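Annotated in Swiss-Prot:
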- 1-50: region 'Disordered' (REGION)
- 1-231: region 'RNA-binding' (REGION)
- 8-30: compositional bias 'Gly residues' (COMPBIAS)
- 31-40: compositional bias 'Basic and acidic residues' (COMPBIAS)
- Ser45: phosphoserine (MOD_RES)
- Ser238: phosphoserine (MOD_RES)
- Lys448: N6-acetyllysine (MOD_RES)
- 564-592: region 'Required for interaction with SRP72' (REGION)
Amino acid sequence: MAAEKQVPGGGGGGGGGGGGGGGSGGGRGAGGEENKENERPSAGSKANREFGDSLSLEILQIIKESQQQHGLRHGDFQRYRGYCSRRQRRLRKTLNFKMGNRHKFTGKKVTEDLLTDNRYLLLVLMDAERAWSYAMQLKQEANTEPRKRFHLLSRLRKAVKHAEELERLCESNRVDAKTKLEAQAYTAYLSGMLRFEHQEWKAAIEAFNKCKTIYEKLASAFTEEQAVLYNQRVEEISPNIRYCAYNIGDQSAINELMQMRLRSGGTEGLLAEKLEALITQTRAKQAATMSEVEWRGRTVPVKIDKVRIFLLGLADNEAAIAQAESEETKERLFESMLSECRDAIQAVREELKPDQKQRDYTLDGESGKVSNLQYLHSYLTYIKLSTAIRRNENMAKGLQKALQQQPEDESKRSPRPQDLIRLYDIILQNLVELLQLPGLEEDRAFQKEIGLKTLVFKAYRCFFIAQSYVLVKKWSEALVLYDRVLKYANEVNSDAGAFRNSLKDLPDVQELITQVRSEKCSLQAAAILDASDSHQPETSSQVKDNKPLVERFETFCLDPSLVTKQANLVHFPPGFQPIPCKPLFFDLALNHVAFPPLEDKLEQKTKSGLTGYIKGIFGFRS
């Protein structure tokens, strides 16, 4: 990757030729960043390069490393655009290729005659990257401000223009073959993105296919380490190609696009929102043929389009969750499904007017039979609560695995049994809400099934409460709770009968019974050892002395706390100790000293009458 020297300051008028791309933080950190990005790469270390030598530039590696280090790891395109502007300015200053000064702009173009240093190619590449990052920033903002889409397309065209300029420069004989191919692939990629935004599917797929072909050839021509970057770019392009193929008329592409949702992190870039819209559009077409749904022996009509779309995608969503490769993907799919379900429930609620609720709650004089719309609402609520239970159960499984493993980093907080107790509390609350659904009060099979599920999760909740008591050595409480777990589990085994199919997706209670029996044996042994330790005569080596170590050097004591972070070594802060103070001296002889009289030395005060008083008023008194 090309490197830059540290350039002090950050001002200057250079780098203004990219069309306003450096507006955010143009001078921020230009002098404070400690990097070597502007140094001449190893391929061109001589100052006076002979024309027979080849210039080389790792285009894909440079942009990928820059993007990951300057904002795109978190989707911050504005930060990356500012970085491109600052790097351009540093390159122009290093190469003495400034666009005039702060008072006057003088446009300069990189020509073939200047290609004595690959940093001139890097300068054009940063122009294209700056325009592209600005376009992606505008794409994020265009969701709320549609007018910014026109500016987005303008920036993409600018990026393609700079990429074409880079490709033209790389056609020079001074540039090696690999750089030429990378420049062609980069131009094809940006061109495909522009056509994609214009919805010119045929031109877009041609550009993406060209880009994919070049990167595949480059990946096959180099070592595995170098090929990883090219293969990663090919994977990024593939969803765009399938989406374009679907819009051209390839109906089989929709299945591959659906599978792409199962990848960890999902699709990104231009395709993320378009893929979701495509799936919704496909389901909307299928929803036109859906008129009713059957649940627990009752068929109800479905007239709300949003509900039809959700119910049609229900099976696909459940299959996607089952096939998810990672926990992050599974959690994302759970959240997406719950969000769609909440929207469908809200659409049904809007149809359920308060007066219609009261009027339609009973039909044909049959008490307990709710209206079709209310029953549909109960069905959607059942789906939402069941999905929430499955999600929390999946989270509980992950916490159980983490609880059984030793933490690799002691500084990180490891999971505790209390975390699992909270999850099972939420699950039990969801089961209580299921029992209260309108229209299912007289469904004995449903009530029995939910009752058995409640017992299963109560058993697991009780088990982890017992585990938390074991940690604080409350043996009797833990033993009672283990017995309660066995009671719940035995009730499930005895009453399951015909409901075993509905309970097969739940945690195995037989495995829980085996684990509880093992834990009870360990608990009883630990309780006996603890009791025997407490009854042993206390010796100097067994008594835990609260004195700090500095005060008991003469006594041998096995104190495990001395090797922990809370070792009691000294008193801190130190206690107060009495110290001698400065003595006080009292002059006792002074009380017995007789001083000579002073009456003869004091002036006798003479009495004055009214005359003296008047003189004193007017100031004549001497």
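Residue numbers in this text run from 1 along the chain shown.
The backbone N, Cα and C atoms fix where each Cβ goes, and this holds for glycine too.
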Integer Cα-Cα distance in angstrom, Ser238 (phosphoserine) to Lys448 (N6-acetyllysine): 49
DSSP-derived helix, strand and coil totals, residue by residue, for the region 'Required for interaction with SRP72' (564-592): 4 helix, 0 strand, 25 coil
Lys448 (N6-acetyllysine) in three-state DSSP notation: helix
